[in-house]
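Database features (Swiss-Prot):
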type	residues	note
DOMAIN	33-216	domain 'BPL/LPL catalytic'
BINDING	R72, G73, G74, E75, V76, T77, Y78, H79, A148, L149, G150, G162, V163, S164	substrate binding site
SITE	K145	site 'Lowers pKa of active site Cys'
ACT_SITE	C180	active site, acyl-thioester intermediate
Amino acid sequence: MSASTSPLIRQRGRESYEITYAAMRAFTDARTAQTADELWIVEHPPVFTLGLAADPTHVLDAHDIPVVQTDRGGEVTYHGPGQVVIYLLLDLRRNHADARIFARELVNKIEQAVIDTLAAYNLACERKAGAPGIYLSDGPLQGAKIAALGLKIRGNGCTYHGVSLNVAMDLTPFSWINPCGYEGLVTIDMQSLGAQTTLTAVQDTLAEKLTRHLSG
């Protein structure tokens, strides 16, 4: 993806997951080879989402939070206020004839964008082989998860779903699930680590980092 075809960035504000999910699918259904790629920035009310591989028993107690089955990869995760969510609506064939091979590179680019975003706030984080997402790389909470990702890549190379980064959340609902299918996985947010920032600032930073890596 060249700089001239950098994705359009759309701020959708706070929106229910079901509305965004339906909109992503409709956008992808309707897109053509000429449709511009887009990044959608959104904040969701509380919701648990299940990936295609999800075991419903990893939702230990949903309380009154909706549980939504999706068509993304991965297991169960939680979205809620104070979390940056960016969905990537891309056509991987535009610059990569074999979209499936590029999919692995895409995951690396997304993860690196998150790592770079956190580094801007002096938070050292890393990826883990075989466990998509971003984790603290040092300190007493080493291994705690701060960002999750899951994608849907259709046979025509078009993607949707994306990445979530915990900024300043009520983390309690993460204890009601086995996050990403891992029992006992600790989940953390930027605020708990001392980062002084706002949701809007992190949205802007992550969108910029994603655009830069996708254009590289």
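Placed from the backbone N, Cα and C atoms, the Cβ positions cover glycine too.
Overlay of Swiss-Prot feature records on the structure.
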{"residue": "R72", "record": "substrate binding site", "Cβ contacts under 8 Å, 6 or more apart": "T49, G51, L52, G150, L151, K152, H161"}
{"residue": "G74", "record": "substrate binding site", "Cβ contacts under 8 Å, 6 or more apart": "G51, L52, A53, A54, P132, A148, L149, G150, C180"}
{"residue": "V76", "record": "substrate binding site", "Cβ contacts under 8 Å, 6 or more apart": "F48, T49, L50, G51, A54, D55, H58, V59, I177, N178, P179, C180, G181"}
{"residue": "Y78", "record": "substrate binding site", "Cβ contacts under 8 Å, 6 or more apart": "P46, V47, F48, T49, I65, P173, F174, W176, I177, P179"}
{"residue": "K145", "record": "site 'Lowers pKa of active site Cys'", "Cβ contacts under 8 Å, 6 or more apart": "G133, I134, Y135, P179, C180, L185, V186, T187, I188"}
{"residue": "V163", "record": "substrate binding site", "Cβ contacts under 8 Å, 6 or more apart": "V85, I86, L88, I110, A113, V114, A147, A148, L149, L206, L210"}
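Taking all protein chains in view, 21 other C-beta atoms sit within 10 angstroms of the C-beta of the residue listed as 'active site, acyl-thioester intermediate'. Cβ neighbours within 10 Å of G150 (substrate binding site), excluding its own Cβ and spanning all shown chains: 24. Over all protein chains present, the Cβ of A148 (substrate binding site) has 26 other Cβ atoms lying within 10 Å.
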